[in-house]
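Going by Swiss-Prot, these are the annotated features:
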type     : residues : note
TRANSMEM : 3-23     : transmembrane segment
CARBOHYD : Asn81    : N-linked glycosylation site
CARBOHYD : Asn223   : N-linked glycosylation site
BINDING  : Cys475   : heme binding site
Amino acid sequence: MDVSTNELAILAIVLLATGVLFYAKGTRRAPLPPGPRGIPFFGNLFQVDAMRPYPQYLKWAQKYGPVVSIKLGGQHVIVLNSSEAADELLVTRSKQYSSRESPHVAFDLVSDQQQMLFMPYGREWKIVRKNVHGLLGPGSSKQMRKMQDLESRVILHDLLCHGETSISEDFVEGPHGEVPERHWFSIIRRYTTSLMMTLMYGHRIHRIVDNPELHQVYAVVSNFTHVSQPGRYLVDVFPVLRRLPDIMAPWRAEGKKMHEWEMGFWGKLFSDSRTALLDGSGLDGFVQSYLRSRAEAGCEDLPGKGVTEDAAGWMRDKLVTYTASGIIEAGSDTTSTAMFSFVLLMLSNPDALQRAKEEMDAVVGSSRMPGWEDEDRLPWLKACIKETLRRAPPLPLGVPHKTEEDDVYNGRLIPKGSTVIGNIWAIHMDPIRYPNPTSFKPERFYHPDEKLDWASGPDTHDRDHYIFGWGRRFCSGKHIAEASLFIVLSRLIWGFDLYTGSDAKTGQARLPDVNDEATFTDGLVAAPKIYPVGFKPRSEKHAEMIKASYRDVQNDWQSMGLAGDER
């Protein structure tokens, strides 16, 4: 398609007029919260690394205060840098702040507007949320504990077998971020992915070698965290660019291609589940159960996207597919990220690690593995997990909200349509709330004389951290995530001595610096890049118990009708 000079001139006029109106409107509606000075039309766009914005946002928080106003092109952004501001706006006033500023490429194109994470607040989102909350809520999540128990035993076995593999200097990340098979990152990822896959589709990830399904999940996750980062594409911050013809909008073809790639994977899982349901084979996950209920209501065949318009509001096929994929992606990636950060921080703080071992030996000993009954008996371990989530939140900026109407906070205007970011990173780095915030200090959360709660629920008072978000957008999967963190990390501390390799030339430990931004990936999720860790059984008795437990687990899989592990 050819674009004439007149068309380009019209486009330039539209863009210029949009910028003028935007700034004129902003001037008339002052006072806005304080913030850095920008340049006409582009605002602060060139002052922020779009793929890693949270370090700059922290600097602005320290300079301008708890609420900062910035402009990213045509997008007005309000950054909330204190727990008080975030709690007041995103929780107390959640009716006004529960929508999303959906990234155009990630939401409209890649997920065809079916990704729950970025759905605007409305009927469709409420229907999806109701189904998800019923699946992941406190009561339902306890039913997952048997699976978490069994899958965590498989982790111990795999680390026992491949505990020294990850130390090799040749065992490094692939050119596109691929994690080598048998690397301890892959072993952890298999656990989190298998758990979510069983929950959604009724089948396990039962191999760590030659398992394209596991690699595909993380390829999709990696791509999604990059394309969904606010500001990743100019069209996300200049909505007027969405009107451009295809020849001038390369992101459009790129996004649609990504959608086809995703649906090639997620769509096959969905269709296989439907076939298994019709054949009466396999176990039920969420998808099979939902499709059965839908069929019993006379709505067996619902192609397309969105929900039905009747009172029942049944999710159509593509929305069911993306609801399942969203839970798998979020539950797999963020939980494994927290586990990688825990190991990094514990190795970087050997005194905290040694104290965790001593507590484990005193409470559990070597004659059994830690179990759910030990959760309140291991306050130091639990404090270490909480401090990990504070010091290295998987999503430093959470997922942005959007205000539906003008609002005023502390005398400052928050305009309708603004993107509103709960700056988890700035809140967690607040030196008043968390003295010496860059230090790893589990004693912040160590209360051995009290019955321990994770204290991370939607109740805003006395929250330890904010990684699960705020208000009506609070993460439904927190109970499953917290349970996984406890059972896996407690057993890891119980069963193994952790160590890191040394550089052959310098003799220095090959452990990345947690204070170096380059240690973590960019994009929506900040995960440690792969690093070498060895896992040595703490004794022969521990090793034999891990082996025996793994053998017992195979009998459990068989009795449950699930695939046994192939090693």
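Note: Cβ is positioned from N, Cα and C throughout, glycine not excepted.
Recorded features from Swiss-Prot, shown on the structure.
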{"residue": "Asn81", "record": "N-linked glycosylation site", "Cβ neighbours (10 Å)": "26"}
{"residue": "Asn223", "record": "N-linked glycosylation site", "Cβ neighbours (10 Å)": "17"}
{"residue": "Cys475", "record": "heme binding site", "Cβ neighbours (10 Å)": "22"}
Cys475 (heme binding site) and Asn81 (N-linked glycosylation site), distance between Cα atoms, whole Å: 20
Using C-alpha atoms only, work out the spacing between Cys475 (heme binding site) and Asn223 (N-linked glycosylation site) and round it to an integer in Å. 21
Asn223 (N-linked glycosylation site), DSSP three-state class -> helix
Mapped DSSP class for Asn81 (N-linked glycosylation site), helix or strand or coil: coil
